[in-house]
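S.K.: Below are the features listed in Swiss-Prot for this protein:
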| type | residues | note |
| --- | --- | --- |
| SIGNAL | 1-24 | signal peptide |
| DOMAIN | 27-74 | domain 'WAP 1' |
| DISULFID | 34-62 | disulfide bond |
| DISULFID | 41-66 | disulfide bond |
| DISULFID | 49-61 | disulfide bond |
| DISULFID | 55-70 | disulfide bond |
| DOMAIN | 75-121 | domain 'WAP 2' |
| DISULFID | 81-109 | disulfide bond |
| DISULFID | 88-113 | disulfide bond |
| DISULFID | 96-108 | disulfide bond |
| DISULFID | 102-117 | disulfide bond |
């Protein structure tokens, strides 16, 4: 009986430790995503955080202009953006800034010429 209890406890601990990975997040990582980082790079500014747990409430630790800081998180839709194999010859033009700018299941994805709304990649 003791052996079975220890095996059950071990299995529960193993499964519990994998839950953040199952949901695509590291332990301590808050849900949601980071807003786009379009700012100029300010190399002399030190990081204000290293991980989400250092940020208050619903803020996430995100890169902003080449350093990390606590910013309001944005909602992220399911699926990943498709790969873009093109090279842009015109100036960048952003048609969206975050997933909630896009209708239905479409995601705001980086493309060769900026961000635009696209259907998530399959697979």
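Glycine is treated like the rest: Cβ placed from N, Cα and C.
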S.K.: Counting each residue once, how many in the domain 'WAP 2' (75-121) are helix, strand and coil under DSSP?
M.R.: 3 helix, 10 strand, 34 coil
S.K.: How big is the Cα-to-Cα gap, in Å, between residue 117 (disulfide bond) and residue 34 (disulfide bond)?
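M.R.: Cα-Cα distance, residue 117 (disulfide bond) to residue 34 (disulfide bond): 17 Å.
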S.K.: Can you count helix, strand and coil residues in the domain 'WAP 1' (27-74) using DSSP?
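M.R.: Counting residues per DSSP class in the domain 'WAP 1' (27-74), I get 3 helix, 14 strand, 31 coil.
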S.K.: Among the disulfide-bonded residues 41, 96, 108, which residue has the largest number of other Cβ atoms within 10 Å of its own Cβ?
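M.R.: Of 41, 96, 108, the one with the most crowded Cβ is 108.
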S.K.: With the cut-off set at 10 Å between Cβ atoms, which of these disulfide-bonded residues ends up with the most neighbours? Options: 49, 66, 102.
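M.R.: Answer returned by the neighbour count: 102.
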